[in-house]
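Annotated features in TrEMBL:
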{"type": "TRANSMEM", "residues": "C:6-34", "note": "transmembrane segment"}
{"type": "DOMAIN", "residues": "C:8-415", "note": "domain 'TRAP C4-dicarboxylate transport system permease DctM subunit'"}
{"type": "TRANSMEM", "residues": "C:55-73", "note": "transmembrane segment"}
{"type": "TRANSMEM", "residues": "C:93-121", "note": "transmembrane segment"}
{"type": "TRANSMEM", "residues": "C:133-157", "note": "transmembrane segment"}
{"type": "TRANSMEM", "residues": "C:169-189", "note": "transmembrane segment"}
{"type": "TRANSMEM", "residues": "C:210-231", "note": "transmembrane segment"}
{"type": "TRANSMEM", "residues": "C:237-254", "note": "transmembrane segment"}
{"type": "TRANSMEM", "residues": "C:275-294", "note": "transmembrane segment"}
{"type": "TRANSMEM", "residues": "C:314-342", "note": "transmembrane segment"}
{"type": "TRANSMEM", "residues": "C:354-375", "note": "transmembrane segment"}
{"type": "TRANSMEM", "residues": "C:395-419", "note": "transmembrane segment"}
Ligand code: NA
Ligand code: NA
């Protein structure tokens, strides 16, 4: 009997948590309880940023973290944050699919660190939140503002539109928005609902300039120590829940939009406005390739072919 | 015996130095945090102060801990208080110091495993600064290493009774 | 069974005069080892436990208070307050509670509140004849107002877990927060009135009051910048601590009364206190995570959530569990581990999530000041350079006040619910 402990940032009730719970259920059933999966939700054990090292060093067997947390060892993972690199939901779906040309570059690189990617969890697109009476609709509106960021590439994007990025973790957003420590923020639309950010912000602009992915990893040595049949069961279960989440994410985002409709003013971009966003953030890809090197270049090339 | 005394003295001086460094590092952190507030007011927030302050804080805690032991200000639940004889007090003191020293060894060894892993994968923080992880992690074995040495010095002092070991209740210095 | 063994082991180590941090850290490590878990967790948890920008408020506010202290400014404010209310019975104690409540309105953390107020008032009050145990208990309890009076970090986490409105939670905290503060004031008043050893100060003359008030202006200015800056969105509480420190240093240096040596002394004292507090925070992280891996808090919570169907019994058991769990876990861990399980039981029992949140926070406050393990006890001990037994001697009346407030909140839910739903 093997116990695989899994550290999770979000509560089990969150769609990403339910996704992991469904995986656990299938694995335990198919292995007749030979492989037990013990979930530690709500960052009880490890903070988001500590997950890559915790899993790779074997402190814990499995973990879920946002993909950008691997940027410390694999800078290329920020590809999904390069603005409009994958500029439609079909392209995102194609890029994040198991065995895609993009993941053929990313996954082995992550595995080299000692943590093997099992599946990606779709979290949805990035949106812009603003407070006050002047929402950010086009990049011009953001000039001179302080904007919450959640990673190096997102910060580049914010600088590209003439604003000042302030990196802060998801849990600090609420107070920072309420107090006005930052004027605006970037985050995922589902987080606006789950973190209750609509209580302190007035406008939500659906820019979808970046795609937020979470990733489930397992320690390499633990993986190798499993039997062939156990590995097959885990892979199969992972693949199933990955697809389920990917196909339902559009519904979940729509549900979030519906929920938020009377709580915050939602702004959709016209095609012209989207084009302006694209144009003013075009420089970010250069900075990304500079950081991510050959792998980053390869991903940008492959993205063009999607 | 004279050698032991010299060693104990040398350890105490090292600890004092690390204490002074720690104290002033906190002062600098205070300035950096304020600098960030001012720069942000002018629309030019820095990318380094928050992360730098956080790393400095980790370093400070572990660099300063041996000083706190030397001054006997690590917090103790002294419910049994003064109702015990000097000998019992000494025995308990040496038990606590030994446990502390053992913990230092255990945590340091495992910390080196962690650092070895970070070096192997050249892991950095996930921020703009991309600080190598080992720079943060090595604060633990260095700090606890100093704490281990200070434990040795305190055990020596407790045995020889060369210094009063009751809690120091007045201001530093 | 595990729970009782661990509780017993922890209390034994503490009674044997092992430093709190070492007791928790080594017990945490032993627990991991007994389960055959990777010991690399020990170092990872010790680092991540103090890897927080919020905690930076502790060293920086301590630095600020110590600088003000060596500059003789910390006592200026007190002298001013004292010139106005010092002749009342318990005047300074009243001023301390008010200071705690005001500070709570800018800080989301109890530890920071107790540390900051403690550095300023403990020396001053004991010098003026208040029994030390009373002063220590007052500051330890007053500090817990930090998480009940908004803003409050635990309330934000609670709101996120339970999907309760955070602004409503903040509003709901005000009533019980002010009630607790006024009960503390009332107790101080009674204590002073019936305490024979306490000698009241003479009523100050008009001139004395004016002089004292003018000399307190620099501190009032610093407080204004710190509080105003947070509300005006200029900076976060941790940053406010940094700004407050730099301002204090500037004012102290401008008075040209202090030498470099004084500043050095202040820095050393602040560092020593910070280290002792943050080391416990790191060790508590290691210990708390170890017992989480043992599933202890999870099992207890799941048991309570299913075993008790009567609302009053359920609430009572939760309160007891929180008091015991408060020995092991810091407040945020308790919230993160227990609330996701408990939230399911609230609606069927007709308990309002906002009301329950306030109850939860009051019990967390209690856990912070109950021995043998309570962060505020440790903070006050470190800041006041006292023995833990003195703090405990002073704190128990306040524990009783808090528990009665919890009982009152059960019978009069409006204490919390009136403001958010009026
Ligand atoms: Na507060
Ligand atoms: Na307690």
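Counting starts with 1 at the first residue shown.
Just so you know, glycine gets a Cβ as well, placed from its N, Cα and C.
As a whole-number mean, the pLDDT of the domain 'TRAP C4-dicarboxylate transport system permease DctM subunit' (C:8-415) in this prediction is 86. Most Cβ pairs under 8 A with the transmembrane segment (C:275-294) among the ranges C:6-34, C:55-73, C:133-157, C:314-342, C:354-375 are made by C:6-34. Here the transmembrane segment (C:237-254) sits against the transmembrane segment (C:55-73); at least 3 CB pairs are under 8 Å, leaving out pairs fewer than 6 apart in sequence. The stretch with the most CB contacts under 8 Å to the transmembrane segment (C:55-73), chosen from C:93-121, C:169-189, C:210-231, C:395-419, is C:93-121. Sequence-distant neighbours of the transmembrane segment (C:169-189) (same chain, 6+ residues past either end, Cβ-Cβ under 8 Å): 88-90, 93-94, 96-98, 100-101, 104, 138, 141-142, 145, 148-152, 155, 158-159, 354-355, 357-358, 361-362, 397-398, 401-402, 404-405, 408-409, 415-420.
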